[in-house]
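These features come from TrEMBL:
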| type | residues | note |
| --- | --- | --- |
| TRANSMEM | 7-23 | transmembrane segment |
| TRANSMEM | 29-49 | transmembrane segment |
| TRANSMEM | 56-77 | transmembrane segment |
| TRANSMEM | 83-106 | transmembrane segment |
| TRANSMEM | 118-138 | transmembrane segment |
| TRANSMEM | 144-165 | transmembrane segment |
| TRANSMEM | 172-193 | transmembrane segment |
| TRANSMEM | 199-218 | transmembrane segment |
| TRANSMEM | 230-249 | transmembrane segment |
């Protein structure tokens, strides 16, 4: 029990060190990325390895996609301050997720209901932004066709949504159609915004807003939270966010 209580702290600190080392020695980037993913795998295994394989992988899905996407996003950042801010946000979310998993598995009296689902939702949103903005940058850098990148976007989005619904304790059988539809729509939006004459960050934010709207509405629907005020809240936040993004964007 004692070592498990320290997993989030030690793993979070180690991840911060790996990020900073990668910035100092960028030629060894692949080693630091690999070590960080091994660190994540070991940390989740230390906390959830006693569970069934299915549950273990369910705990691993979102932080794995999030951490991989964070690396992809950071690679293409040029401003040192923005890199440091991104690293700080990534490490904090990583730490909080592991802390929540620990409380969920070992300190249930201290665990607050729906916390695992909520942190999965927050990390999923950031992961989608990191992923899509990073992939847009990768496409520009390597001149990839957006069709070639659509499949991984579809798969990773589906996995994020699936883990969100699982963490929220939504019925799996009822969740699968929602997972499929959300992944398809997000992938289609990803393909469409490729043609917008704006930055990769604006494009990533647009996809993220769509993901927020669809995953939030579906999650509440599956949990039988179907009041009209919930729908109106999600639509209002999404509309205002989208308008702010489009109006403040620099069109190329």
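Numbers here mean position along the shown chain, with the first residue as 1.
Positions of Cβ are set from backbone N, Cα and C atoms, glycine also.
No curator has checked TrEMBL annotations; they are predicted automatically.
Remote same-chain partners of the transmembrane segment (29-49), defined as residues 6 or more beyond its termini with a Cβ less than 8 Å from a stretch Cβ, comprise 3-4, 7-8, 11, 14-15, 18-19, 21-22, 55-56, 59-60, 63-64, 67-68, 71, 75, 94, 98, 101-102, 105-106. Of the candidate ranges 7-23, 144-165, 172-193, 199-218, 230-249, 199-218 has the most C-beta pairs within less than 8 angstroms of the transmembrane segment (118-138). The transmembrane segment (144-165) makes contact with the transmembrane segment (172-193): 3 or more of their CB pairs lie within 8 A, with pairs spaced 6 or more apart in sequence. Between the transmembrane segment (83-106) and the stretches 7-23, 56-77, 172-193, 199-218, 230-249, the greatest number of Cβ pairs separated by less than 8 Å involves 7-23. For the transmembrane segment (230-249), the neighbouring stretch richest in Cβ pairs under 8 Å, chosen from 7-23, 56-77, 172-193, 199-218, is 199-218.
Using a cut-off of 8 Å between Cβ atoms, the transmembrane segment (172-193) and the transmembrane segment (7-23) share fewer than three residue pairs, counting only pairs 6 or more apart in sequence.
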